[in-house]
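S.K.: In case it's useful when we look at the structure, here is the feature table from TrEMBL:
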type: BINDING; residues: 8-15, 21-22, ARG60, 87-90, LYS98, 114-115, 183-184; note: substrate binding site
type: ACT_SITE; residues: HIS9; note: active site, tele-phosphohistidine intermediate
type: ACT_SITE; residues: GLU87; note: active site, proton donor/acceptor
type: SITE; residues: HIS182; note: site 'Transition state stabilizer'
Amino acid sequence: MHKLVLMRHGQSQWNLENRFTGWVDVDLTEQGRQEAAKAGELLKEQGYQFDLAFTSVLRRAIHTLWITLDAIDQAWLPVRKSWRLNERHYGALQGLNKAETARKYGDQQVLIWRRSYDVRPGALDRESPMWPGKDPRYSSLSEDEIPACECLKDTVARVIPYWESDIRPAVSAGKRVLVAAHGNSLRALIKHIDQISDENIASLNIPTAQPLVYEFDDDMKPIRHYYLGNQEEIQKAIAAVAAQGRSH
Ligand SMILES: O=C(O)[C@H](O)COP(=O)(O)O
């Protein structure tokens, strides 16, 4: 049996302000840092140690990983960073307040933008300061790999090749792996692992900084998955994520 631990970053500044974030490189809030430290303590209490970690190239996930690894005395752990684990790119919605956007366009339209599988939000203008094409961390990406916006299907298309090339082989080889990423890059990965339908994925929401353990058999078929933390607290946090896109 193989284990894999997935974890969304702790609360970010734009989670606190309820803004669409995507590829904008906002940092954790003090609460987000505390959430990451608490997750680390939980992993330590339950005896988790890792051989390898993966994260995105966005500081909210990187800093969450640093804090978590420090808490389990593994700040030294090898870490692989990839843009492929970045949050789904929210295009022209990035920076907008989710509740205000719902008041302007309706709750249903925001739900479609947040949780549909193949409906993209409006594209980011290439002249926008948020355009990733000028950011040196993406200098190795081809023109068509630089997103102006993404639907979840687009995120799946860039996350899953990385799962197949890097993460899955490590887990399958018996390495204890931790992935610190984002709400929607994790939704993309979980959709693939659990073969969730394009319709049913809409109801999956990921809370911040709650270790989610996946167990696989020796053929890498998922056996079960479970959050390590307080289940009541986790269900409340999941409901809060879902509610972020409502007008009231
Ligand atoms: O990018 C963001 O806005 C959040 O990290 C995820 O947002 P969502 O839960 O609204 O998809």
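Positions of Cβ are set from backbone N, Cα and C atoms, glycine also.
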S.K.: Could you round the CA separation between ARG88 (substrate binding site) and HIS9 (active site, tele-phosphohistidine intermediate) to a whole angstrom and send it over?
M.R.: 14
S.K.: Report the recorded positions (ARG8, HIS9, GLN11, GLY22, GLU87, GLY183) that meet this criterion: Cβ distance to the nearest atom of ligand 1 under 6 Å. Use sequence order and write none if nothing qualifies.
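M.R.: GLY22, GLU87, GLY183, in sequence order.
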S.K.: Out of GLY22, GLY183, which of these binding-site residues shows the lowest number of other CB atoms within 10 Å of its CB?
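M.R.: It is GLY183 that, of the binding-site residues GLY22, GLY183, has the fewest other Cβ atoms within 10 Å.
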S.K.: If you count the other Cβ atoms within 10 Å of each Cβ, which of the binding-site residues ARG8, LYS98 comes out on top?
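M.R.: When each Cβ's neighbours within 10 Å are tallied, ARG8 leads.
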S.K.: List, in sequence order, the same-chain residues at least six positions removed whose CB sits under 8 Å from that of TRP14 (substrate binding site)?
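M.R.: Once residues fewer than 6 apart are set aside, TRP14 (substrate binding site) is near PHE20, THR21, VAL24, VAL26, GLY95.
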S.K.: Within 10 Å of LYS98 (substrate binding site) (Cα-Cα), which of the recorded positions HIS9, GLU87, HIS182?
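M.R.: Neighbours among recorded positions: none.
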S.K.: Looking only at HIS9, ARG88, HIS182, which of these recorded positions has the biggest number of Cβ atoms within 10 Å around its Cβ?
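M.R.: When each Cβ's neighbours within 10 Å are tallied, HIS9 tops the list.
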S.K.: Of the recorded positions GLY22, GLU87, HIS182, GLY183, which sits closest to HIS9 (active site, tele-phosphohistidine intermediate) by Cα distance?
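M.R.: For HIS9 (active site, tele-phosphohistidine intermediate), the spatially nearest of the recorded positions is HIS182.
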